[in-house]
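Undergrad: I'd like to ask you about the structure that follows.
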């Protein structure tokens, strides 16, 4: 494993302790590297504390057990108000507009690396913060800091962190980004940490394991409508466009259609004006393919971004294979991206994140698709 700095004696790091194995091992590794380590547990969601799916109390208990085992302090903080204002309201507004947002990216931007960093600075007098994300940072000789993909390609989380500023990356440490996931679990087991075999969290951060349709229906009124084929034939009913995303295959309720081949049905479009869900057969249906996209709300980790005409790679969703592309700036905040080959299920509202080799450059929000 690569050390983060040559010497760290006396430097204070506040680790975001989630009650999971990644943050647990992050705290241990930083202690081994000579940092003065303390933990901070965030509570970001007030609702449903008695819900069977809400594990906040259990997570706090596990975080405390790990900190006790390591002999470090654990602080707690409630960011529920900030979360509601800066993450959840954005989430609802995007769904209401017919887009598919990624609230975990907004959570990292507004909560984990903003509210958390401010609290660590102002209240806990931190030199650095640290998280259990699978990314790396690289400090260059010219004083710049870059964010790199995590060593574990299957766990790399740079896609979710592209909105971080250069300053935020420079103040953050990512110890497990240098490791494979199995190595992290092995370290936790060797150290006797209670989280060593705890399963990874899944789902949107504030929804957890709950059924998405039930949760969203509590906040946005559903508007049922027709499901049509790309040729205009009505073949079913949907419960609300907000419950569906481009490329979706499961949960459409239209299996076994007469006069159709055996290819599965996919969502290929959402007609907001008519409240119609458009479907087609096959994962490479023409209506599902894009030759490029317009990306806005641009953010570059190094502030300046890639040069006009750059040939780099992009991801339009998490764990997607790299997509070679060429960039053209339409203005300071809008980028035209042309793919080398057509790509399926590019989804407005999701994030497009750009890479030059192992360096995460930044990205933006997918606004429009380029077809034909």
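One-based numbering along the chain as shown.
Even glycines carry a Cβ here, placed using N, Cα and C.
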Undergrad: According to Swiss-Prot, 16, 17, 18, 19, 20, 21, 22, 23, 42 bind ATP; which one of 132, 143, 150 is listed for that same site?
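TA: For the ATP site that includes 16, 17, 18, 19, 20, 21, 22, 23, 42, Swiss-Prot also lists 132.
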Undergrad: Using Cα coordinates, what distance in whole Å links residue 16 (ATP binding site) and residue 133 (site 'Interaction with tRNA')?
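TA: Distance between the two Cα atoms comes out at 10 Å.
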Undergrad: If H, G and I count as helix, E and B as strand, and all else as coil, what does DSSP give for residue 16 (ATP binding site)?
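TA: Note: residue 16 (ATP binding site) is in a strand by DSSP.
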Undergrad: What is the Cβ neighbour count of residue 22 (ATP binding site) at a 10 Å cut-off, with all protein chains included?
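TA: So the number of other Cβ atoms within 10 Å of residue 22 (ATP binding site) is 27.
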Undergrad: May I ask which of the recorded positions 107, 133, 350 is closest to residue 22 (ATP binding site) if we compare their C-alpha atoms?
TA: 133
Undergrad: Rounded to an integer, what is the Cα-Cα distance in Å between residue 133 (site 'Interaction with tRNA') and residue 18 (ATP binding site)?
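TA: Distance between the two Cα atoms comes out at 11 Å.
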